Amino acid sequence: MSGVDSDLGKLVCGILAVLVVASIVGYILQRRFSPDGSNASIENLNARIKAWWVMAVLIGVAFLAGRVGVLVLFGFCSFAALREFITLTHTRRADHWALAAAFFVVLPMQYYLLWLHQYGIFSIFIPVYSFLLMPIISVLRGDTEGFLDRIAEVQWALMICVFCASHVPALLTLSIPGYEGRNVLLIAFLIIIVQLSDVLQYVWGKLFGKTKIAPRLSPSKTVEGFVGGVASATLIGAGLWWITPFTPVQAGLLALVITMMGFFGGLVMSAIKRDRGVKDWGNLIEGHGGLIDRLDSVVFSAPIFFHVVRYWWSVT
Amino acid sequence: MRKFIAKPVAIAIVVFARAITAVRAIWPAEGVFTGQCVYFANHSSHGDFILVWAVLPPRLRSRVRPVAGAEYWLKSAISRFIGRDVFDAVLIERDRDTRTGDPIEIMSSAIDAGSSLILFPEGTRNQTDQLLQPFKSGLFHLASARPNISLVPVWINNLNRVMPKGEIVPIPLICTVTFGQPMQLASGEAKEAFLERARSALLELSPNTRGENA
């Protein structure tokens with residue numbers, strides 16, 4: 001018990017230190033290079049730092065509130081993300097009940113199953129049951145126009161925003177011998193690596209970036225930023241082994257998997273945005289884009305991280 | 001007693017509307033117009049005026065009254081309570097043959113009393129595939145009766161998808177409320193010309209016209 005408290009304490013101090021340093025750097029940059037708010041990169045950096053503060057405080061409060069807190073927090077994230085996603089889809093009136101079911105039945109049910117520790121049904125509820133039930137509900141209204149597109153959009157929305165996102169709190173349900181009561185640290189590990197990888201790719205890209213990876217999808221992503229960001233986030237992941245049940249090498253490898261999934265997740269979500277002709281998923285926090293803009297890399301890495309850890313470390 | 005619970009009910013309705021729609025106001029580059037005015041908006045849902053009301057700064061919101069059809073809002077005790085006590089609606093009778101009061105006079109006296117109004121010039125909810133139905137003449141007659149009043153176009157986006165007619169469960173989708181620049185009736189401007197000008201000012205605020213999605 002004292003183990004989790006002292007490790008969590010150290011982690012919190014570390015995160016606070018990083019955020020304080022980031023805020024000071026952001027403030028100095030803003031004073032020196034963008035006093036009138038004209039430098040878009042610096043404004044964006046400061047917006048991100050603010051978003052991290054909010055994220056850190058919310059997750060911290062959720063950790064303090066325990067399992068309920070974590071489930072409620074991610075349940076809310078799923079709700080807000082699903083709302084952003086469905087807003088950009090081409091659903092029609094005939095999908096009304098399917099959408100209502102997605103929001104008010106499937107979403108709460110997925111988190112309730114997590115609360116009950118029902119892993120078996122939790123892992124197939126959306127990909128099997130919802131996948132088949134959603135088109136059944138929609139087809140009852142008899143509107144066939146764009147049917148496959150409409151159904152696929154709702155299924156994707158549920159997959160990304162509810163199924164994938166719920167795998168972050170699902171880390172709490174794993175039983176790892178010798179790691180009892182410390183599972184929240186796995187969530188912390190996942191989120192820290194994803195966010196650091198995002199920001200390190202950004203920083204490396206700004207400093208050394210020349211070769212664009214996918215100019216049509218995301219003009220700011222470069223090979224240099226990708227390699228540097230992934231390498232440094234992997235090293236930091238290895239250095240954080242002490243909060244995980246892994247050895248330093250294992251922690252590094254898992255961090256590598258997380259950052260790769262996160263990177264490609266970001267690309268996929270950008271492609272969807274391009275297709276819909278929007279820059280951001282929404283405006284949950286004014287000027288910061290939508291929740292999915294902050295969550296895109298987490299949702300892609302969470303299920304893979306969960307299943308790798310479950311397969312090799314968990315006894316359930 | 002009714003007044004006493006009207007305020008908490010108003011807050012609850014706004015909180016609920018915000019939780020479902022995460023509604024956000026988009027102001028013109030010049031910023032919020034703070035003068036007394038008539039907001040005229042597209043109409044596709046019963047929730048329309050609630051969204052406009054919810055995004056207005058509290059100082060402006062406190063003097064805004066929606067204009068609504070009396071026959072609908074006086075139908076039952078609960079709709080009477082919501083229409084009259086909660087939102088202090090200016091109720092007008094839409095049926096020409098049976099009405100006892102002149103709608104333009106009722107609206108004009110609300111303006112004289114210092115209120116701003118929310119008006120839906122299409123007259124009834126838009127159930128068609130068109131973005132905007134032709135305007136009824138009420139907006140013109142009101143502008144002629146009070147020629148100095150500013151008219152602010154307001155485009156409400158997406159609420160028709162949240163709660164289409166006949167559905168009872170709202171779907172959470174992000175809505176925006178876009179405010180345009182205030183306009184006025186020009187002296188000697190004919191009815192058709194004015195209504196067309198107002199209608200295009202409103203249409204211009206629609207994301208579909210601006211070529212954006214959602």
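Cβ atoms are placed via backbone N, Cα and C, with glycine included.
Annotated features in TrEMBL:
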type: TRANSMEM; residues: A:12-29; note: transmembrane segment
type: TRANSMEM; residues: A:49-82; note: transmembrane segment
type: TRANSMEM; residues: A:94-113; note: transmembrane segment
type: TRANSMEM; residues: A:119-140; note: transmembrane segment
type: TRANSMEM; residues: A:152-172; note: transmembrane segment
type: TRANSMEM; residues: A:184-204; note: transmembrane segment
type: TRANSMEM; residues: A:225-243; note: transmembrane segment
type: TRANSMEM; residues: A:249-272; note: transmembrane segment
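For the transmembrane segment (A:12-29), the most Cβ-contacting stretch among A:49-82, A:94-113, A:119-140, A:225-243, A:249-272 is A:49-82 (pairs under 8 Å). If one looks beyond the transmembrane segment (A:152-172) by at least 6 residues along the same chain, the residues whose Cβ comes under 8 Å of a Cβ in the stretch are 67, 70-71, 73-74, 77-78, 81-82, 84-86, 89-91, 95, 98-99, 102, 106-107, 110-111, 114, 122, 126-127, 130-131, 134, 138, 183-184, 186-187, 190-191, 269, 292, 295, 298-300, 302-303, 305-306, 309. Within its own chain, the transmembrane segment (A:249-272) has Cβ neighbours under 8 Å at 88, 160, 189-190, 193-194, 197-198, 201, 214, 217-218, 221, 226, 229-230, 233-238, 240-241, 281, 292, 296-301, 304-305, 308-309, counting only residues six or more beyond its boundaries.
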